[in-house]
Amino acid sequence: MNGGGEGADEMEEDGKEEEEEEKRKGEKEKVVLMWGYLPGVSPQRSPLLYPVLVPMPDSAPGDSWKDVSGGGCGFAMAISESGKLLTWGSADEMGQSYVTSGKHEETPEAFPLPTEAPIVKAAAGWAHCVAVTAYGEVYTWGWKECVPTGRVIADHPSAGTSSEKDERHNVGDQGEHTNPILCQLSIEGVSFFISIVYRCNKGNSIAVSPRSQVSRTSAGTVSAFENRGGEESTKRRRISSAKVGPESSTSSEETLSSPPCLVTLSSGVRIVTVAAGGRHTLALSDMGHVWGWGYGGEGQLGLGSRIRTVSSPHPVPCIESAAYGKDRTPGSAKGNRSSEGQAKLIGSCVKAIACGGRHSAAVTDTGALLTFGWGLYGQCGQGSTDDELSPICVSSLLGVKIEGIAAGLWHTVCTSVDGDVYSFGGNQFGQLGTGSDQAETLPKLVDASCLENKNARAVSCGARHTAMLTDDGEVFCWGWNKYGQLGLGDAIDRNIPSQVPMETYHLLNISCGWWHTLVLAESPT
């Protein structure tokens, strides 16, 4: 009887193998296409104005594409069916990004991670990356400020704040250590940062001064201040006056870069997806809880403060903060019907996350949209330009069930279960797709005529451009196009969605890097 059972099992297994083989034969090959600025791909360092096929590496025979993961500033990332994280597109003049991408240029290569576990999700900020394994573990690497070290580093007081009440945080008992201060550099409207090292000795404390918030508006749109983005941005930042000496490009960048490390989370926490901003990271667990670390000076970590750096993962109180408001707690709200009703609308867990340059967003199980962080361009969707230090519900969308979320440097885009697209925030290059260059502090429906009868399946944001995938496999792009990141064959910005000509491919997913766009598609043959 046992023998007969084993034979039946073998026949069943053979049948399954044949079925899988037939299924594989019927499946079309998956390909990845890219366009925009990936300097290592072109010998002349010129942008790719049209979609171009990305080759699978010769070092991975039999492997194929599984998903696209955008990438950072000048480098791209994708995941193979075998679970390898492939990076490419950078060039040595990209400095920190070149090191972070593994120095992979024209041809995709597997990034060397200290694990054999398959990678299932990945994301990148300006010069840091984060990846999730099939077992729910998280690895991160790149710019040292973005990689957890177990320390919480407070902000520094600036000149002229002596009259403000100081909060003091102990650096910790790690002994003498170094931490980077960042100087902001703006080149062609893109913010870069130079890291300057200062030294703290054991037992020292660092003073923290609350930052005053800038221009506030009651509702609607923002216009004139947006043209002064660089000036306002400078006012909002503390720029170090320390001098930086000349250094060799790659070697100096390597000293400021951390190799891949396993992120330590609470026991039993299993991460399912991650998001990376300019200098901060969010991770979402299978239980719908959010964890954050990195730079938090504008509230993008949702911890209710302006702590400069959170160097160990901290739970982000998304549901609690959004459901009960800034000055209330669940206990104080008992018996308050309006508070209880708000809590029900907010939901009980988070289903999706996104990181922008200095702000963050999350979608709950009820379809509520939460935002937090830098608000200068209205990217938190609250009808003002205030920073939001804790997660807060975008109340104007409470009647709409939100499903997808993406964030750029200064803007936010979301999709509803009905396939509509809403956008808000900075709009200097048309990245909101509203037909103008006027910023929006409240969500606005993207209702271009070309999207009539089209339903959004996915949306992704680059630094200043947006890409949308429809449920019938078409791609529309809009926003900044100086480097061809819209894939339309030119370098002209668009303030309304424009379809990328890709008739021969059926598109499956889309993901933007800072200055480029990637799509996963089925080959026509």
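A Cβ is built for glycine as well, from the same backbone N, Cα and C atoms used for every other residue.
What TrEMBL says about a protein is an automatic prediction, not a curated fact.
Now, the feature entries from TrEMBL:
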{"type": "COMPBIAS", "residues": "7-21", "note": "compositional bias 'Acidic residues'"}
{"type": "COMPBIAS", "residues": "163-176", "note": "compositional bias 'Basic and acidic residues'"}
{"type": "COMPBIAS", "residues": "209-221", "note": "compositional bias 'Polar residues'"}
{"type": "COMPBIAS", "residues": "246-259", "note": "compositional bias 'Low complexity'"}
{"type": "DOMAIN", "residues": "255-519", "note": "domain 'RCC1-like'"}
{"type": "REGION", "residues": "1-28", "note": "region 'Disordered'"}
{"type": "REGION", "residues": "155-177", "note": "region 'Disordered'"}
{"type": "REGION", "residues": "209-259", "note": "region 'Disordered'"}
{"type": "REPEAT", "residues": "83-135", "note": "repeat 'RCC1'"}
{"type": "REPEAT", "residues": "288-366", "note": "repeat 'RCC1'"}
{"type": "REPEAT", "residues": "367-418", "note": "repeat 'RCC1'"}
{"type": "REPEAT", "residues": "419-472", "note": "repeat 'RCC1'"}
{"type": "REPEAT", "residues": "473-523", "note": "repeat 'RCC1'"}
Residue counts (helix, strand, coil, in that order) that DSSP gives for the repeat 'RCC1' (83-135): 8 helix, 18 strand, 27 coil
Tally of DSSP helical, extended and coil residues in the repeat 'RCC1' (419-472): 3 helix, 24 strand, 27 coil
DSSP residue counts for the repeat 'RCC1' (473-523), split into helix, strand and coil: 0 helix, 25 strand, 26 coil
DSSP residue counts for the repeat 'RCC1' (367-418), split into helix, strand and coil: 3 helix, 23 strand, 26 coil
Model confidence over the domain 'RCC1-like' (255-519) (mean pLDDT, whole number): 93
